[in-house]
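Engineer: To start, I am sharing the structure in question, which I have written as structure tokens.
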Amino acid sequence: MRLSVIGCGYLGAVHAACMAELGHEVVGIDLDESKVRSLSEGVAPFYEPGLPEVLRSALDSGRLRFSSDPADARGARVHFIAVGTPQKSGSSAADMTYVDSAINALIPALSPGDLVVGKSTVPVGTAQRLSATLRDAGTGALLAWNPEFLREGFAIQDTISPDRLVYGLPAGIDGETARALMDEVYAAALAAGTPLVPTDYATAELVKVSANAFLATKISFINAMAEIAEVTGADVTQLADAIGHDVRIGRRFLNAGVGFGGGCLPKDIRAFSARADELGVGHSLGFLKEMDAINLRRRDRVVALALRELGAEFPRKKVAALGLAFKPNSDDVRDSPALEIATRLAAEGTSVTATDPEALRNAQRVQPQLTYTASIDDALRGADLVIVATEWVHFRELDPVIVRELVTTPTIIDARNCLDADRWRAAGWTYIGLGRP
Ligand SMILES: NC(=O)C1=CN([C@@H]2O[C@H](COP(=O)(O)OP(=O)(O)OC[C@H]3O[C@@H](n4cnc5c(N)ncnc54)[C@H](O)[C@@H]3O)[C@@H](O)[C@H]2O)C=CC1
Ligand SMILES: O=C(O)[C@H]1O[C@H](OP(=O)(O)OP(=O)(O)OC[C@H]2O[C@@H](n3ccc(=O)[nH]c3=O)[C@H](O)[C@@H]2O)[C@H](O)[C@@H](O)[C@@H]1O
């Protein structure tokens, strides 16, 4: 089937490449010409394990191409919308200008019988509004909403073999037509037994934001327990293991630390709350504001711990910041706790040297004033304090005995509780975890 994918960022580039790999003929469209150039040359414009290989293979097959001209969507039968929906500046709501302009630019390229499929994460009510836009423009095209649940770092696997597929469909016969096209797009996943939830627009939109709200709540819950552990001498990692043995609770997403960041969880819970306020049911999501606050307090906590450990001399002290990405296996620094902590400590006047296996370029772009190095050893050399804020395997596997030789003061804040505390202490380190004695 011929497909277009509008917006080729972390979501769209992966979706376009994977759909072509599955046998569809795909054109990926992005306004950013440098991204289009890079993708067309088979160079992934961001770090995502497995993407370069899938991109190369799909380009070589002749089934995948990229363009910066929305008119090139013409001829495709299904058009995926994968543009960004960031937080609006000065508000907690989602900025819908990219989605709206993508739809407006796509309209002239549509033919009757085409299907436009929204994948971007949007406020509930968006699909209804956009379907009216397509109708009023006389396109004869239908609209479906097909939220995306991929995780950065596992994006290829999550796209080819998703946990579930959700179709938000129009009512009646249009819904059946849209569903048949969607089934054709996702034939491989459906044949492999992927659970399918066909539903209405509003439910599909809400499934997406409620899934992210639930994940954010799980992380903030355990971080709230970390706050309690810090004043009682308890160990939040043991607590998480113990409650996680209950299969109704589950251990995943109960890793206490510096909390969630990235281009999705933080902005999605804020946009969800803002939308509930608009709908007059803000009270139903009041708890999400608390989840957000708990999350941000963890960043304050790490900055405060660092300043406490550095003492009054902190402006003359050197900090090694290990990690800049919002999580390992990604180069994404959007709302990254690790980058925020490094930036705040540098702004306090300490001398921070930051490193990350993949996120240096992105971090340099948004915080050019920080000192960066690609070498972990260079970051560590002469440090008075080491902070691990992204749990890359490169940092988890550091040998505390060897690292001790490099630093001036063997003190480490493990802001992701990802190190073996006993091993670091045995090597003579002052080890500080979050929510741990
Ligand atoms: N990053 C992720 O892991 C996931 C993201 N999402 C959602 O997917 C959407 C996209 O997210 P990301 O890919 O992370 O954002 P991104 O910022 O990496 O990519 C968005 C892309 O859209 C392009 N763009 C903007 N306006 C355009 C237009 N009118 N026409 C063509 N291209 C246009 C931009 O140049 C950019 O390359 C968001 O709504 C996000 O919440 C959903 C699930 C996973
Ligand atoms: O809507 C989205 O864009 C995506 O958002 C998240 O995916 P992602 O942002 O890639 O990353 P996660 O693995 O969910 O991690 C999010 C943040 O939570 C943090 N986290 C995660 C788990 C945990 O136990 N503790 C914790 O602090 C991570 O370090 C990271 O900063 C969801 O997991 C995806 O299902 C969803 O599609």
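From the backbone N, Cα and C atoms, a Cβ is placed for every residue, glycine too.
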Engineer: Looking at substrate binding as recorded in TrEMBL, which candidate out of K208, K289, K317 goes with F149, L150, R151, E152, F253, L254, N255, A256, G257, G261, K327?
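Structural biologist: Only hit among K208, K289, K317 in TrEMBL's substrate site, alongside F149, L150, R151, E152, F253, L254, N255, A256, G257, G261, K327: K208.
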Engineer: If I go by TrEMBL, which of T85, T371, T373 binds NAD(+) at the same site as D30, K35, T121, E152, K267, R334?
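Structural biologist: When TrEMBL describes the NAD(+) site, the candidate it includes is T85.
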Engineer: When the Cβ positions of the binding-site residues D30, R151, E152, G261 are compared with the atoms of ligand 2, which fall under 6 Å?
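Structural biologist: Only R151, E152, G261 qualify.
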Engineer: Kindly point out which of the recorded positions E152, K208, C264 have a C-beta less than 6 Å from some atom of ligand 1.
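Structural biologist: Within range of ligand 1: E152, C264.
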Engineer: Considering each pair of residues in D30, K35, T85, T121, E152, K267, R334, all listed as binding NAD(+), report the largest CA to CA distance in Å, no decimals.
Structural biologist: 24
Engineer: Just report the maximum Cα pair distance in Å for the recorded substrate binders F149, L150, R151, E152, K208, F253, L254, N255, A256, G257, G261, K327, no decimals.
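Structural biologist: The substrate-binding residues span at most 25 Å between Cα atoms.
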